[in-house]
Amino acid sequence: MRGLLLAGALALPASVFAHPAHQSYGLNRRTVDLNAFRLKSLAKYVNATETVIEAPSSFAPFKPQSYVEVATQHVKMIAPDATFRVVDDHYVGDNGVAHVHFRQTANGLDIDNADFNVNVGKDGKVFSYGNSFYTGQIPSSAALTKRDFSDPVTALKGTTNTLQLPITVDSASSESTEEKESYVFKGVSGTVSDPKAKLVYFVKDDGTLALAWRVETDIDSNWLLTYIDAKSGEEIHGVVDYVAEADYQVYAWGINDPTEGERTVIKDPWDSVASEFTWISDGSTNYTTSRGNNGIAQSNPSGGSSYLNNYRPSSSSLSFKYPYSVSSSPPSSYIDASIIQLFYTANIYHDLLYTLGFTEKAGNFEYNTNGQGGLGNDYVILNAQDGSGTNNANFATPPDGQPGRMRMYVWTESTPYRDGSFEAGIVIHEYTHGLSNRLTGGPANSNCLNALESGGMGEGWSDFMATAIRLKPGDKRSTDYTMGEWASNRAGGIRQYPYSTSLSTNPLTYTSVNSLNAVHAIGTVWASMLYEVLWNLIDKHGKNDAPKPTLRDGVPTDGKYLAMKLVMDGMALQPCNPNFVQARDAILDADTALTGGENQCEIWTAFAKRGLGAGAKYSSRNRVGSTEVPSGVC
C-alpha cells in the first residue's frame, strides 16, 4: 500500500488515495520502502517434459514413504556436494503427485533462501523439480567456532532501527531455545508475540553467502522475517512479509456484492467432508457464535492484535440473522451482519478449496486436523471492520501450524461508507493469499512468494480465483469483470484494466511486466492470462455453475473448476519464488499429472495469446514475449 511491501493487501490505484486513508499501525506509519528488501528469485524449474530421470525400480509404484527416498536421491544426484535436510511437510496431493521439500545447510545452519522441491509422480519417478541451491564456496566454520558475529539483541536493535519498526527494544534480552543458535526475546513492547532470532546463512543479491540473523517480528499489519548481517549487525540482506494485504442470513455464494442479489437465509451450509465438525465446532467444543474449526470472526474496531475476547454475535438457537442495508450508517450499526457474512464467505471458500485439494496435509487452515495430516491450531482469524486501516484488506500467512490473519476494512469512497466484508471477491482474494503461500514451497515455508514477480503472481492468483467464482450462468468469453468495484465505488474497479479475453479491452501481455514494479500491477497481467486459460477450458468442457465441482476420478468435469484445480496443483509443483515462465510450466505439468495432458492445447493457446508462448524468456528487466504454440500440441 502506497509503495510499501504489504503482501496480501488488496491495493488500489494511486487515484483512490486522493483522500488518504487513516492508518494506525505498523509500517504504514513509516517511510521505509520494503520493496527494496524483497528477496530475489533464484530458482530454476525443470518441468515434466525436461525431466527424464528414472527412479529406482524398487520404488515403482512407491510405498507411502518411499517417494521421500526417490526425491532425496534425486537431490543428491543434482547437487552431489550439497548438504541439506528434508523439510517435514511432504505429502501426496489428491492428483497422486508427491511433494517433497529440502533446505540446504552449511556448517549445521540453514541457508534460508536455498530450497529444492521434488515432485514425484504416481509411477514412482521424478515428475518435475525446482532448485535454488547455492553452488558457490561454503565459508569456513571458523566464524561460528570463534563466535565472530553479533549477538541476537544487536540484530534485533539493528532491524528495528533500520526498518523503523514501531516497537521498543531498549530493555530487550534474549533467551536461547532448544534449536541451534535460536533465541526468543523478552522485554520488547509493541509486538503481537515475543520476537525471535535464528542464525542462518543467506544468499545475497551478488551471489555470495552471508551469515545472518533471521529476526521475526509480528507487529500486526506486518509480520516480518528480516535477514540482517550477523557481522555488522546493521546491513539488511532481505525482508519477507507474511502479511498479504446453522441459519445464516447472508449474500449467498456466487453473489459478489449487494448489486448482484439479495441476502437469503441458508441452513447448515457446510460440506460434511471438508468441515467434518461443521463450521461451529472444533471437535471438542461446540460454539453458538462465529467460531469453529476453520475460522473465528469478530469485530476489531481498535485494530489491535487481540481477538479471542472481541465481540462476536451469539445465538443459542444457531439463528444468525441480523439486519443490514447498503444505506445503513455508520458501519458499526450492522457489525453483526458483517461478522456473519465474513464468517460465511471464508468458511464456504475453505470447503471449496478442500474439495479441490487444499487439505490438511497440504497445509490448510484448521484448528483441529483430526489426524488427517498437517499441523493444527491454525484457523483463520477474521477481523471485520478492522480499525487499523480503511479502503483495503490484508492477509498474513505464517507457516503451517500458526493462524492466518485476515483484516477487512471499511471503505470510505462512498456515502454511506461500505464494508469490504460484503464484497465476496475481496474476502476470496485475501484468503487466496493463504492458499498460494501454503502451497508454493510447501506448508512449512511461507517465504516463497516474496520476489517481485512471484509476489505479483500471488496477487494475480487471488484476483483469478475471485473472478472465476464470480462467473454467472449466462456469462460467455466476452464477459468482462472488474475487481473491487462495489467497495471502492469505482466503475472500473481497482485494477488498470478489467479481466477480459479481448485484447482491445485489456491489452496486457507478458512484456507489459517489463515496465511494472508493483505487485498488484504485475498480478493483473498474470490474472489476465489465467482468465484466458479459464475460458479456453470452459469452451472445451462447459461451465458448472454449482457451488462445488463434480469430480470424476478426482478431475473436475467442467472447465471452470478444472482451471481452478490446475492453478492450485501448479502452485504445489512450482519452485520457491517462481517467475511467469516457471508458473506456466507448472500449470502445464499439473494438467499432465491430472488428465494426462488432455488440455495442453487450450492452456498453451491461452498463454501464447498474451505473450507467454513457447519462446517466451524471463529476465528481470527485459522479458521476451512469444505467441508461439509448440508444434504438435494442437
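Glycine is treated like the rest: Cβ placed from N, Cα and C.
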Additional site residue, Asp336, Asp400, Asp419 [criterion: listed by Swiss-Prot with Asn364, Leu375, Asp378 for Ca(2+) 1]: Asp400
According to Swiss-Prot, the disulfide-paired cysteine of Cys601 among Cys448, Cys634: Cys634
Least Cβ-crowded entry, counting other Cβ within 10 Å, from the binding-site residues listed as Asn437, Asn445: Asn445
In the chain carrying Arg470 (site 'Important for proper folding of the protein and catalytic activity'), residues 6 or more apart in sequence that have Cβ under 8 angstroms from it: Gly254, Asn256, Ala424, Gly425, Tyr481
Of the recorded positions listed as His429, Glu430, Thr440, the one whose CA lies nearest the CA of Cys448 (disulfide bond): Thr440
Between Cys634 (disulfide bond) and Asn364 (Ca(2+) 1 binding site), the C-alpha gap once rounded to whole angstrom: 36
Rounded distance in angstrom between the Cα atoms of Leu375 (Ca(2+) 1 binding site) and Asn445 (Ca(2+) 2 binding site): 13
Residue from His429, Glu430, His433, Asn437, Glu459 whose C-alpha is spatially nearest that of Cys576 (disulfide bond), among the recorded positions: Asn437
